[in-house]
Amino acid sequence: MSSEILPAFSETSNVERKQDLNEDQEENQKPGLGEGFEPISKRQMKKLMKQKQWEEQRELRKQKRKEKRKRKQLERQCQLESNSEGSDRKRIRRDVVYSPLRLIIDCSFDSLMVLKDIKKLHKQIQRCYAENRRALHPVQFYLTSHGGQLKKNMDENDKGWVNWKDIHIKPEHYSEFIQKEDLVYLTSDSPNVLKELDESKAYVIGGLVDHNHHKGLTYKQASEHGIDHAQLPLGNFVKMNSRKVLAINHVFEIILEYLETRDWQEAFFTILPQRKGAVPTDKACESSSHDKKFTRVEGGLNSDSSEEENRNELDSPRKEEKQDKENSTESTVNSILH
């Protein structure tokens, strides 16, 4: 063997020995089943199972979103074909029937939220605005007590909000320009259940993203100010594995859907996210074993884990759906404004 080949061979051997040593070290660092392994808690196990279920249902959710988009495209196409004059947009807007119902997002809880939650509130308001603009029965949309962190965040990240149409954005509290007898505060803590919507009323949604840190606050404020209050008839049509607390945009969209269909059950099951594990009340009574199976399939939680769900329900753990909705909301708002 020549002297030129020997150094190269020696260097190659050293590299191989180092790789073997690194692999041995990595193998030794892995916890064995018998020693150095700490069992995970029930909460962590449930979290892992929920994440696994979420990943398994990714394609199903994607397919449902596609079907919903196709259905809305077909509806728009039918509307376009039924009108032979004017531009496409004018033909669509001609079929819109504006509802006299006033729907208010009360933004007077600004000081109770950190910036992270303010940004989530902003995103939910964007979705409400976009859905109302393309609804067949849009409501009279109000954003009240607008200021503080929320206005600053909108000025910095969504400057186009000043050009929004069909919305009343006011710095004043809603009680300053709407009569008390016309107000109904929507809160899940209210003992009163809505049977139908009175379109002469002004319904208030609390603009609070608090991860359950201020339970019952909106109900307490409505009671103290002598304002009528009620909750959506969720329990009459839906069985859920978590508390009946919904995101702001979900409440808004359910009301829009009800105004179109006049069917609470259809409105709930069109809008409610799958992670709620919602089933119709009549099917929920079939058998407890069927309930458990359905809960596992739909990604619902058991009652002892409802606290975990409540912390996440306004936080929207739907990672890819959150990105899709953010992108679609921005594009929708831009297309509506221009």
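Using N, Cα and C of the backbone, Cβ positions are placed for all residues, glycine too.
Just so you know, TrEMBL annotations never went through curation; they're auto-generated.
What TrEMBL says about this one:
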type	residues	note
ACT_SITE	D210	active site, proton acceptor
COMPBIAS	61-73	compositional bias 'Basic residues'
COMPBIAS	283-296	compositional bias 'Basic and acidic residues'
COMPBIAS	308-328	compositional bias 'Basic and acidic residues'
COMPBIAS	329-338	compositional bias 'Polar residues'
DOMAIN	88-279	domain 'SAM-dependent MTase TRM10-type'
REGION	1-86	region 'Disordered'
REGION	279-338	region 'Disordered'
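Helix, strand and coil residue tallies for the compositional bias 'Basic residues' (61-73), in that order: 13 helix, 0 strand, 0 coil [DSSP]. Over the domain 'SAM-dependent MTase TRM10-type' (88-279) the predicted model carries a mean pLDDT of 90. Packing around the residue listed as 'active site, proton acceptor' is summarised by its Cβ count: 15 other Cβ atoms lie within 10 angstroms of its Cβ, all protein chains included.
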